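Accompanying notes for the structure given below.
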Amino acid sequence: MTPESNLKSLGAKTPYIFEYNSDLLEAFPNPNPNLDPLITLECKEFTSLCPITSQPDFGVIFIRYIPKDKMVESKSLKLYLFSYRNHGSFHESCINTILLDLVQLLEPKYLEVYGDFVSRGGIAIKPFVNYAIKEYQDFKEKRLLDAK
């Protein structure tokens with residue numbers, strides 16, 4: 001049995017769920033845990049709802065991480081991010097929840113989430129949050145200072 005055989009979404013017909021669901025996230029074993037690649041994932045079609053007005057909010061989500069023993073399966077990540085479609089939450093809360101869900105799933109060495117949301121009322125909101133294990137705290141602090 002290969003590690004990929006445990007993945008539910010990859011290669012299967014896709015049922016789209018449009019209400020937040022962290023159970024959609026899946027991981028597979030890191031084939032090179034001795035290396036430290038900085039992996040960037042970009043979702044250009046992120047949508048959630050304003051919790052006050054119920055109007056749709058649109059943005060681009062950037063996720064960067066250095067894996068430890070597990071890596072996120074990209075189709076499951078797409079389905080997870082799409083599950084925010086009818087979820088009412090502020091931009092900052094969405095970004096924080098994405099980080100917490102991925103940290104829980106992956107237990108990475110380092111992980112950051114940045115949201116570049118379309119401006120509303122002339123104000124663009126661009127939240128950034130990051131996480132690191134003890135050995136990567138200096139990297140975390142540098143990334144936080146360098147965040148756009």
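The backbone N, Cα and C atoms fix where each Cβ goes, and this holds for glycine too.
So that you can see what the record holds, here are the features copied from Swiss-Prot:
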- Cys50: active site, thioimide intermediate (ACT_SITE)
- Asp57: active site, proton donor (ACT_SITE)
- Val72, Glu73, Ser74, His91, Glu92: substrate binding site (BINDING)
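Spacing of Val72 (substrate binding site) relative to Asp57 (active site, proton donor) is 25 Å (Cα to Cα, whole number). Closest in space to Cys50 (active site, thioimide intermediate), of the binding-site residues given as Ser74, His91, Glu92, is His91, taking the CA atom of each residue. Under DSSP, His91 (substrate binding site) is assigned to a helix (H, G or I) in the three-state scheme. In the three-state DSSP scheme, Val72 (substrate binding site) falls into the strand class. Spread of the substrate binding residues is 24 Å (greatest Cα-Cα distance among Val72, Glu73, Ser74, His91, Glu92). Between the CA atoms of the residue listed as 'active site, proton donor' and His91 (substrate binding site) there is a gap of 8 Å. Packing around Glu73 (substrate binding site) is summarised by its Cβ count: 21 other Cβ atoms lie within 10 angstroms of its Cβ, all protein chains included. Fewest Cβ neighbours within 10 Å among the recorded positions Asp57, Glu92: that distinction goes to Glu92.
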